[in-house]
Amino acid sequence: MSEEEARAWLQSHFDVSRETWDALERYVALLLAETAKQNLIAASTHDHIWARHIVDSAQLLLSRPQTKAPWVDVGSGAGLPAIVLALLQPSPVIMIESRRLRVEFLRSVIDVLSLTNASVHLAKVESWNAPQRAATITARAYAPLAKLLETTLHMAGKKTVWVLPKGRQWQNEVAAARAMWQFVFHVEQSVTDSESAILTISDVKAKGGRKA
């Protein structure tokens, strides 16, 4: 997917307003500027940032198009996918990040873009005390699936859905996770990489005598 195709995809799927385009452009500029100070995104992706990062994040909304409940993004890092999700839809987006510099960056982005539906918490994912059960949990480049489920299950309820972009080893991750957890999952091909996938996971339970 070229950068031009990425922009066209965003417009066709989300009917992006001029105001939102401006905010996305500002976020991209902030992201590139901050990457010079801390390693937020790989240098090899700078010239493909709209396809590799913005569309790659935005496509998650297609897996949960009707939800109005909050998204919880763990290991938020650069704000991908969280900031993109917050810009493209009105539901609250809660970010959990353990690194202070990352949190400071995310708070500055929220402030600069006047994002009223986004918030960030400085905390370890596994110890974050969620005020309520998460409706949707997402994460990008945070951890292998088995560890991701283990560290987020405490914030999940019976109806929680995980929407997770996974790379070319996604099948191996699913196999490893299924040795430890029972869950229902659905796979969609990523629009940015035909060998990558978007996993939608629900009904997660620990296997055997394992403690959830």
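Glycine is treated like the rest: Cβ placed from N, Cα and C.
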According to TrEMBL, which candidate in Arg64, Arg133, Arg140 joins Gly75, Leu80, Val125, Glu126 at the S-adenosyl-L-methionine site: Arg140
S-adenosyl-L-methionine site span - longest C-alpha distance across Gly75, Leu80, Val125, Glu126, Arg140, in Å: 19
Set of same-chain residues at least 6 away whose C-beta sits under 8 angstroms from Gly75 (S-adenosyl-L-methionine binding site): Ile96, Glu97, Ser98, Val125, Ala139, Arg140, Ala141, Tyr142, Ala143
